[in-house]
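**Student:** Quick one: structure below, then a few questions.
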Amino acid sequence: MKYESQKVARLYFIAALGLFVGQILFGLIMGLQYVVGDFLFPAIPFNVARMVHTNLLIVWLLFGFMGAAYFLIPEESETELWSPKLAIVLFWVFLVAGVLTILGYLLVPYARLAEMTGNDILPTMGREFLEQPLLTKIGIVIVALGFVFNVGMTVLRGRKTVISTILMIGLIGLAVMFLFSFYNPENLVRDKFYWWWVVHLWVEGVWELILGSLLAFVLIKVTGVDREVIEKWLYMIVAMALITGILGTGHHYFWIGAPEYWQWLGSVFSAMEPIPFFMMTLFAFNMVNKRRREHPNKAAILWAMGTGVMAFLGAGVWGFLHTLAPINYYTHGTQLTAAHGHMAFYGAYAMVVMCIISYAMPLMRGRIANSNKAQVAEMWGFWLMTVSMVFITLFLTAAGVVQVWLQRYTDTPMPFMLVQDKMAIFFWMREVAGVFFLGGLGVYLWSFFIGTDADAARDNAKVLAKVSTKVREESTQETARA
Amino acid sequence: MWIFIIAELSVFALLFLLFSYLRSSDSVTFLAGQQTLHPQAGLINTVALLTSSACVAQAVNAVRQNKSAAFGWLLLSIPVGCIYIVVKLWEYQQLVRQGFDLDTNHFYTGYFLLTGFHLLHVVLGIVILGFMSVRLWRGCYLPSQISGLESGACYWHMVDLVWVILFPLIYVIH
């Protein structure tokens, strides 16, 4: 870590991981409610648990992205952050607003919450993922603007790199696209039409820019590959992400009342959406293979490669499964969507945030990397969470196939709730995989508390010494040959 | 640049396949739609794009041989390319006046999407040609330093390659 002000990222990362735990707990609650319908009723009804589960996901990822930007931007710009104080103030504003909103969901009936927070002045509530009360939405805009201003000023007064420029475009895009959450037309089709401008253009548009730039930053640091090479990859990935992703929005416009030509646009462009993710996988593996230094932080390298692979599988392959209009005719809104959503969010966004945390957190604690023991625990966390997520996805996919088969792709469709009963076995298995995921998260968090600074310093010195001996041996051999 | 061109061509290839598949399933509508088009205009456009592309090829050759004719050739390719845009817009105007649009039926959805995308590529191509002309005028391209010019030329050739497939597919083949 080169600049003192990068340390504000630590607050953001800690909050992100705390909210991540909350998200998983509520995931387990609602996972159980799929099979034990009245579990925790009426204290936490299914719709509330679901709202908390998805909203916490978005909020913790936003904390993660902001933390990442506060860490990355000063280092790339080679200057201190414009105002660390503003970053800290905005952190508390965002955290308090976020926690109050979640408490509002849990303690007050949703309709009452809407009344209390001025939803009648400008109705914005009641839409999936954008359930936040008006006040929270305004708070999010203020925090986002303050944040973009703070990192923007830092970029403007320092060195401008491709990575920081692309990250800034992503972050500004994130703030701008959120504004569509304030536009809520009465017509349900038009409502959904613009709703996707937030949801889709976030996760399959501007967030991919953030993902690409964070990955590129970590890869430069841990592999020592030339910046020019990394930047070329980043340009190609970002170009492909935008070319396919923007018009790919069309794959949400099938069968909801939007004009038919969206079936063409959506199918063709989103069929290409796996390409940027595949390029990210190639990118991560290529750079690690071409590495010019042995960085002691092996865990961060594992996260970097892992996010490439899992993003490709979750977003790319599982997205492609049901993105073509004739297939989507049968699969629209089934458990296949849930399967895709779980692996894509984990693989692309949860993992890249944990990747940058894995790289940055030891540095902010004054170490190059954590001790061996801590890294081994972290890698256990990685594998437990990742493998559990693969199983969650597979079980949900199986549930989705059963659902399509019995309820959609048949001459004698069964009623919705009967089909849900037939899928119960897969929901149970998903819940078990979810418990393992929580275990993995526990191991991951525990890894932060293993090993002292002295252990870390000793282990890091060993890796670095081994490298320098190797380099010396190689150069002696070369001299001998000469 | 080649990766970009492959990606572009695959998008068009997917659209061509979709168009052909839909035509095989509903040939009556497609035949009726085809008869409302203007093949003469399409022919003019084919000639315009190929000529413009030939001018660019001449320009690249001239730069390679360090001849001063390069700038003239490159500059000439721009108005020739613009003929395409004008003719295409006239065609759209004719069709819209007759009451056909993106939503009329599968044929017109395909027609407007395919040619519309292609038109956007032509517009971008003209911008690139203009940019390259300015760079050439300032003497930025040398026989040894020509990869930027070649990339732009490849893009422009790709645009007319796509049209050469698109034209018979939509206008001519019954």
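In case you wondered, yes, glycine gets a Cβ from its N, Cα and C as well.
The following feature annotations were taken from TrEMBL:
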type: DOMAIN; residues: A:1-449; note: domain 'Cytochrome oxidase subunit I profile'
type: TRANSMEM; residues: A:12-36; note: transmembrane segment
type: TRANSMEM; residues: A:56-74; note: transmembrane segment
type: TRANSMEM; residues: A:86-108; note: transmembrane segment
type: TRANSMEM; residues: A:134-156; note: transmembrane segment
type: TRANSMEM; residues: A:163-183; note: transmembrane segment
type: TRANSMEM; residues: A:195-220; note: transmembrane segment
type: TRANSMEM; residues: A:232-255; note: transmembrane segment
type: TRANSMEM; residues: A:261-288; note: transmembrane segment
type: TRANSMEM; residues: A:300-321; note: transmembrane segment
type: TRANSMEM; residues: A:341-361; note: transmembrane segment
type: TRANSMEM; residues: A:382-405; note: transmembrane segment
type: TRANSMEM; residues: A:425-449; note: transmembrane segment
**Student:** What residues elsewhere in the chain lie close to the transmembrane segment (A:163-183), defined as a C-beta under 8 angstroms and at least 6 residues from its ends?
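**Tutor:** Residues 65, 69, 72-73, 76-77, 122, 124, 127, 130, 137, 140-141, 144-145, 147-148, 151-152, 155, 194-195, 197-198, 201-202, 205-210, 212-214, 216-217, 220, 230-231, 234, 238.
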**Student:** Can you say which of A:12-36, A:56-74, A:86-108 has the most Cβ pairs under 8 Å with the transmembrane segment (A:341-361)?
**Tutor:** A:56-74
**Student:** Which sequence-distant residues neighbour the transmembrane segment (A:195-220)? Criterion: at least 6 residues beyond either end, Cβ under 8 Å.
**Tutor:** 65, 68, 72, 76, 127-130, 163-164, 166-167, 169-171, 173-174, 177-178, 180-181, 227, 230-231, 233-234, 237-238, 241-242, 245-246, 248-249, 252-253, 273, 276, 280, 283-284, 287-288, 300, 303-304, 307-308, 311, 315, 344-345, 348-349, 352-353, 355-356, 359
